[in-house]
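Peer 1: To start, I am sharing the structure in question, which I have written as structure tokens.
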């Protein structure tokens, strides 16, 4: 029992300062929007004597919001080298420095009368989220036993959802969402960072990293003993030594080397498709729409924040459910089901939006759609996407794969955040057509091209992809058909 306790505590210590921060920092910025815009205007008026025009305030605000994904992109790029040089655990610990800087900047921004400090703080918060989104699933999947690997790596998604919900709760007017307390709300992300700094040092480094990257067998065995207790380690150790032998003499790869390597073609295509789809499927835009749809459904303005907490809780409930079933159901059915359902709900949602004013019960249907869409996203795509890079790449390619994955994730988050208001303007009720196309294409890709990785060792998964990557070349070697056929036609 003790060792499963240690694994669970390791998951919590990594999660609270890891992907929890990503969800938390996405949602705390929504509550004080109008107060921060007022603060920008007042500060500008004090400095220059001229108030800001409304479109300038909007521009400054969009800079503040987009500083977060830009920081995330930076974080995703530095995460790879950090994971290789410092190790998984040390990177997660050092990563808290960014949040502490961010909390100091945003906490003192009103005293210093500087809205630029808020922008900077959002950038640093983004860097922190970018690093943890990449390193936490890697650390946990490498520390987990094979039969629990999916569930353990998936806790990253549960912590993101937990962060979203807690951010929405803390952002309520009764807590820290009021006009007086917004600097404290923005600085409250220092609490999870301090919890992680006190808890994580007590837990072991990733055993795979110790053995395969560092070549330190003693530390690897002691880390495994801490995580697994008295259970027999020989099979697991043998598998790691086999993987160590398979990558012997190689060094950790750079992202561009993955693109050049024909042996990684399908793995790379799969994570590029899936990590792009995760942001381009329109799930985050559902939150953007939530307040508007709830207003149309006749929910009073002051009650809307409470209903929005319901949408966050939806994602939390499904990601926890997904945790429980991923190692039984497998990765492929969850991804496939998630995207097919999302495509279905997107169609219903657009019909409901277009009939919103004509039919009295339509707003309730669109409300149901929002919840159903978020549930479908949570059950598959939200979690499984983060697990896959760990499973389909070997130890030497994994950090680079996460760099590619993370960069796409943040770039697309930035893209959707910037483009969505314009998409709504031009397509009105049919703004979900681009997302619908993404969901259908992704579902087709998963259905036809993605192999199942459930319950397989990292080496078995590599072998399966190797067959796919070299299938085309093998056929080319044996196939001498058309030339002979041509001659018979003549």
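Cβ from N, Cα, C; glycine included.
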Peer 1: For the transmembrane segment entry in TrEMBL, name the matching range from 30-51, 118-139.
Peer 2: 118-139
Peer 1: In TrEMBL, which of 365-388, 461-484 is labelled transmembrane segment?
Peer 2: 365-388
Peer 1: Find the member of 58-80, 365-388, 430-450 that has more C-beta pairs under 8 Å to the transmembrane segment (400-424) than any other listed stretch.
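Peer 2: Selected stretch: 58-80, with the most Cβ pairs under 8 Å.
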Peer 1: Cβ under 8 Å, sequence separation of at least 6 from the ends of the transmembrane segment (151-170): give me the contacting residues as numbers and ranges.
Peer 2: 7, 11, 15-16, 18-28, 30, 133, 136-137, 140-141, 143-144, 176-177, 185, 188, 305, 308-309, 312-313, 315-316, 318-320, 322-324, 326-327, 378, 382-384, 386-387, 390
Peer 1: Taking a Cβ cut-off under 8 Å, which residues six or more beyond the ends of the transmembrane segment (430-450) line up next to it in the same chain?
Peer 2: 266, 269-270, 273-274, 277, 280-282, 285, 331-332, 335-336, 339-340, 342-343, 346-347, 349-350, 354, 381, 420, 423-424
Peer 1: Quick one: do the transmembrane segment (182-203) and the transmembrane segment (7-24) have at least 3 Cβ pairs under 8 Å, skipping pairs fewer than 6 apart in sequence?
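Peer 2: Stretch pair touches.
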Peer 1: Mean pLDDT for the domain 'Major facilitator superfamily (MFS) profile' (11-454), rounded to an integer?
Peer 2: 90
Peer 1: Out of 92-112, 334-353, 365-388, which stretch has the largest tally of CB pairs under 8 angstroms to the transmembrane segment (7-24)?
Peer 2: 92-112
Peer 1: Give residue numbers and ranges for long-range contacts of the transmembrane segment (365-388): same chain, 6 or more residues beyond its ends, CB-CB under 8 A.
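Peer 2: Residues 133, 137, 141, 149-150, 153-154, 156-158, 160-161, 270-271, 274-275, 277-278, 281-283, 286, 289-290, 293-294, 296-297, 310-311, 314-319, 321-323, 326, 331, 334-339, 341-342, 345-346, 348-349, 352-353, 356, 442, 453.
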